[in-house]
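Over in TrEMBL, the protein carries these features:
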- B:D10: active site (ACT_SITE)
- B:E71: active site (ACT_SITE)
- B:E71: Mg(2+) 2 binding site (BINDING)
- B:D144: active site (ACT_SITE)
- B:164-194: region 'Disordered' (REGION)
- B:185-194: compositional bias 'Basic residues' (COMPBIAS)
Number of protein chains: 2
Amino acid sequence: MSSLRVLGIDPGLTRCGVGVVDVARNRTATLVHVGVVRSAPEMPIAERLATIARGIREVLDAHSPDVVAVERVFAQHNLHSVTGTAQASGVALMLAAERGIPAATHTPSEVKAAVTGYGSADKRQVQTMIQRVLRLDALPQPADAADALALALCHAWGGGASAQAHGADTSLTPAQRAWADAEKRTRRARVART
Amino acid sequence: MSSLRVLGIDPGLTRCGVGVVDVARNRTATLVHVGVVRSAPEMPIAERLATIARGIREVLDAHSPDVVAVERVFAQHNLHSVTGTAQASGVALMLAAERGIPAATHTPSEVKAAVTGYGSADKRQVQTMIQRVLRLDALPQPADAADALALALCHAWGGGASAQAHGADTSLTPAQRAWADAEKRTRRARVART
């Protein structure tokens, strides 16, 4: 296979980000598809999950990814919304496995480190790097969509287990570090201009 | 329809309890099916969820329930296992909705109150009441299977929203209270005998 097609999924009930990228051996990435699957908060939870499942199946059917990368869910501050996010992530992982597609999970800080070089990067930094890496005309919108693309890139570029084990910054591959350095230079340049 | 067929699901990755009961208008309940769907802890999470999904689909196919009742997941003490439980519950709810079967969630204390009259009942009390209500020769084993049957009975007997709103004890229906009183009398009688 000349390139790896990765579907990134940022799980959620109200907005579930889905992004598909092709990543070549030389790590060049190309946008294939990006979108957000939505379900209405007033719907029963089971219907919401079925709606999310339908949207994810459509992306699987349309784009046949080689691998699926899903954001790893942690119980954080908002315990209520974490349950819904975990439920959506469970559906996403199950759908991949049912089709025999390998599925992986990545933490938010792994993903941020992989695409910006900094595990605590803000949403704008992630969007900016995604725009640059995928050579897009505008920032990917909304943020959930950018996060899904970032997940896909993180997986393709090998972010993951090592990032978890060794901390975000030391886990960067040379290519990721090069990107991160380029991004820092650009940011400085932009600040200098304004 | 002469009776309501309810599938209760106690979600989990290692053991997911599934129990089907028929409940007549006079609230008499009959066991249809009980079992536990298991997945091996060493399997990847996506494969585990697909295994759980396969087991639930088999029960849906074999027994065509009118409604599905799933235990509501809260982030409790063990945040790690809660994520897996929430993921399994999401899969269960989604599978019901995909088949157009109504799905409801009930909290553990609603379920305990519905079948024992006491929202903090222990597992043994729940198993004992399930054995009695369903006229079983032995205690339902393992506890996950008993919990799944208790969920199904709780739903059929109308435990739920009111129990949440008004506290477990005041929410008992007359029939539930009758069961609870009978259970208390039996327990006293048994204690007196031993």
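Start at 1 and count along the chain as shown; that gives each residue its number.
Using N, Cα and C of the backbone, Cβ positions are placed for all residues, glycine too.
The structure, with features from TrEMBL marked on it.
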| residue | record | DSSP class |
| --- | --- | --- |
| B:D10 | active site | strand |
| B:E71 | active site | strand |
| B:D144 | active site | helix |
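Over all protein chains present, the Cβ of B:E71 (active site) has 26 other Cβ atoms lying within 10 Å. Cα to Cα, B:D10 (active site) and B:E71 (active site) are separated by 6 Å. Cβ packing within 10 Å was compared across the active-site residues B:D10, B:D144, and the lowest neighbour count falls to B:D144.
Between B:D144 (active site) and B:E71 (active site), the C-alpha separation comes to 11 Å.
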